[in-house]
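Q: Got a structure for you, questions after.
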Amino acid sequence: MTRKQKRLVVIAGGMSFILAAVLLVMFAFSQSVAYFYMPADLARTPVAPETRIRLGGLVGAGSVVRGAGSTVEFSVTDGSANAVKVKYTGILPDLFREGQGVVTEGMFAAGSNVFIADTVLAKHDETYMPKEVADRLKSQGLWQEGKGQEAKATP
């Protein structure tokens, strides 16, 4: 092999290694991303069962039903006619209550319209609302000035 051919093989090998590393990183990120939806979004574009998502909105009035143990069922609404039934097993945040902003993370079980949440995040205090929820409420004309202030960013 000439010097030129050896150099070409080394460059091709290095580029292949870099490409493989980039593809692995992209695959890892795609597996950990949970897209944000509101009930109206899910009514327009349903997600595949067992796809991990974040569901945000307001806890529906009169929808909280406590089951056996630490199981709780409630609905998440965005102020429209759309509501999504959520089932959560675990300890709810202290600030969780009807009519308050909430972001849940989980997935729809196969063959069910019930969202199985494994994480529930509630409002931080009287003046906080997750940025995603505030943006969606504003875009739908449901945001009321002076009723709360959105956070700068949500992790």
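Glycine too: its Cβ is placed from the backbone N, Cα and C atoms.
Just lifted these from Swiss-Prot, have a look:
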| type | residues | note |
| --- | --- | --- |
| TOPO_DOM | 1-7 | topological domain 'Cytoplasmic' |
| TRANSMEM | 8-28 | transmembrane segment |
| TOPO_DOM | 29-155 | topological domain 'Periplasmic' |
| BINDING | HIS124, TYR128 | heme binding site |
Q: Report, as numbers and ranges, which residues of the same chain sit near the topological domain 'Cytoplasmic' (1-7): CB under 8 Å and 6 or more residues beyond its ends.
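A: Counting only partners 6 or more residues beyond its ends, the topological domain 'Cytoplasmic' (1-7) has no Cβ contacts under 8 Å, so none.
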Q: Going by DSSP assignments with H, G and I as helix and E and B as strand, what are the residue counts for the topological domain 'Cytoplasmic' (1-7)?
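A: Tallied per class, the topological domain 'Cytoplasmic' (1-7) gives 5 helix, 0 strand, 2 coil.
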Q: In this predicted model, what is the average pLDDT of the topological domain 'Cytoplasmic' (1-7)?
A: 89
